[in-house]
Amino acid sequence: MGEEGYESKYASGGVLDKNGNPADRSKTGGWSAAAIILGAELSERMCVIGIASNLVTYLVGGLHLSNADAANIVTNFMGTLYLLCLLGGFVADALLGRFKTIAVFGTIQSIGVALLAFSASLPNLQPPPCTNNHTFCIPASAKTMALLYASLYITALGVGGVKSNVSGFGSDQFDNEDPKEQRKMIYFFNRFYFCISLGSLFAVTVLVYIQDNVGRDWGYGIPAGSMVMALAFFVGGSYLYRYRKPAGSPLTQIGQVLVAAWRNRNKSLPPDPSLLNQDEYADAMKRRILHTNQFRCLDKAAVVDPEMDQAPKRSSPWKISTIRKVEEVKMVLRLLPIWSTCIMFWTVYSQMTTFSVVQADTMDRTTGSFKIPSASLQVFLVGSIMFFATFSEKFLVPFMRRITGNVQGITSLQRIAVGLVLSIFAMLAAALVEKKRLDVAQEHGLTQKRRATVPLSVYWLVPQYFLVGAGEAFAYVGQLEFFIKESPVSMKSMSTGLFLSTLSLGFYLSSLLVTLVNKITIHGKNKGWLPNNLNRGRLDYFYWLLAVLSVINLLIFFVFARWYKYKEEWASSEEDHNSCDLKEFNSAVEKTKTEELEVYVDV
């Protein structure tokens, strides 16, 4: 159909205006609405990175917590934040819709960041300064810690609702069926990613400097004020937006299939899969999915009981499902082995905002007359991500496309593998640099001095930041591409949820490892690998441990990747193609390209 076929006054896809009427193209959506949404994402990113990137120095230097406790607070905060993205997606899909979810959770985020700024501004909530050359420090009071936890987790709750919906709401402002607006949508995602990068760079440079040299009240107050302003503009522009009604959560569908399969567990499967309960609507819309022989126990969810007194399509979905829904749940289950091996990468990544920052705090950070904030080393992480993401798409993919003949250049699983390998080298570099730092500290007699500056340039830490950033450029894109393309087309939010949960569990795993290492290595006068005074610890051993675990994880990944079959492989290996045209299947895969961009910028 040519572009003249899209001259309708109203946008397609069932989008509505603020009053619930079909959305008028000339009055809603487009760049007027998208620009406001971009501003909201810029502020959200600035808040999150502004807090997480430099929080460990505030906890150790300002509140006098141990290095291990501070690292765990940061990783637990980030893990919870990404876990709550699943809640935000569920609320939008099943209850409120994207606009209301962003407005409500954005307000919660603003309250949380403002509370953090307020707690940092009150002198009576801060512990007294350390004495005896920083060897005796009174930690923050229970009241201070309670206020800190409240502000962090209120912020995490708010971010979870905003982060999981803001890019999707932005894509709703462009009609994917209109070639002109579809091209604009591509530019929207490019600018969305630019806002993410800009917010991150501003946070690890300007905000971190303000936090270290002006005050935490200003360092947290600025992003709080920015979020309030962005939210005011966002709500004020409500008449410009295009809205979609909540369509239900894919988690409900998964639950229905599992419950129906359990209820029908004693029934026998028919000899021909075509006798299972079919989805007439899916057939009419050409969304039928090929039947597969894996997880056949789930097929019982679609067994038709000949004695039923009503048609299967009118029965409760908790009693009988359709084979299409069963196959969609199978698709999700097939992703879980690969999903489990993606968690370790984010455990390595979490060290860049915790112990690597603590390392930097002990090293020589002067460049001329300027002293670099320890958390600002993350600018090399952000820069590396941007460089390798561009290098991959502009040079590596076209080059590999010519060699392999694959349109993608390299497959999504190959991208993930590259990211996992680079994370191993990052931990090897981190371990070697930490051993060098410890040797220099010992040579200069600094092992007993907690706050002493080791005469070793902080730029020695650049390789570990650079390698983790390079790894993220491959692993991040590879994981997103894998989960989006291999998830069912009807479960777009599920693909986002699977990816975000790997980040969440990666941060939680870091907290667990730190806790276990402390319990095992602390005994008697031995302060363990991760003491308050890093000069007396063995952080290099912890990095070696992460490197070993990453190698084991990589080997398991190779086993799972070899076992895994892509959607296209299932389609090409199926003997009976009568129920589904392969051309239609490929068309459905191509239709997810725009959705892939949408999820790409969710994190």
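Placement of Cβ uses the backbone N, Cα and C atoms for every residue, glycine included.
Heads up, TrEMBL stuff is auto-annotated, nobody curated it.
If you look up TrEMBL, you'll see 77-96 (among others) marked as transmembrane segment.
The list of residues near the transmembrane segment (103-122) in space but at least 6 beyond its ends in sequence, with Cβ under 8 angstroms from a Cβ of it, reads 40, 44, 47, 51, 58, 62, 88, 96, 144, 147-148, 150-162, 215-217, 219-221, 223-224, 227-228, 230-231, 234-235. Taken from TrEMBL, the feature transmembrane segment covers 103-122 (among others).
Among the features that TrEMBL reports, transmembrane segment is placed at 142-162 (among others).
The annotation transmembrane segment is assigned in TrEMBL to 192-210 (among others).
Long-range neighbours of the transmembrane segment (222-241) within the same chain, counting only residues 6 or more positions beyond its ends whose Cβ lies under 8 Å from a Cβ of the stretch, are 17-18, 27-29, 32-33, 36-37, 39-40, 42-44, 46-47, 50-51, 99, 102-103, 106-107, 109-110, 113-114, 116-117, 169, 172-173, 203, 207, 210. Annotated transmembrane segment per TrEMBL: 222-241 (among others), in sequence order.
For the transmembrane segment (372-391), the residues of the chain that approach it from at least six positions outside its boundaries are 53-54, 56-57, 197, 200-201, 204-205, 208-209, 211-213, 352-353, 356-358, 360-361, 365-366, 458, 461-462, 465-470, 472-474, 476-477, judged by C-beta separation under 8 angstroms. Marked as transmembrane segment by TrEMBL: 372-391 (among others).
Marked as transmembrane segment by TrEMBL: 412-433 (among others).
According to TrEMBL, the transmembrane segment annotation covers 458-477 (among others).
The transmembrane segment annotation in TrEMBL covers 498-521 (among others).
Residues 337-338, 340-341, 344-345, 347-348, 351, 355, 413, 416-417, 420-421, 423-424, 427-428, 430-431, 434, 513-514, 517, 529-530 of the same chain, all 6+ positions outside the transmembrane segment (541-561), place their C-beta atoms under 8 angstroms from a C-beta of that stretch. Taken from TrEMBL, the feature transmembrane segment applies to 541-561 (among others).
Ranked by the number of CB pairs under 8 Å to the transmembrane segment (498-521), the listed stretches 77-96, 412-433, 458-477 are led by 77-96. Outside the transmembrane segment (77-96), and at least 6 residues removed from its termini, the chain residues within Cβ reach (under 8 Å) are 48, 51-52, 55, 104-105, 152-153, 155-157, 159-165, 168, 246-252, 350, 353, 493, 496-497, 500-501, 503-508, 511, 602-603.
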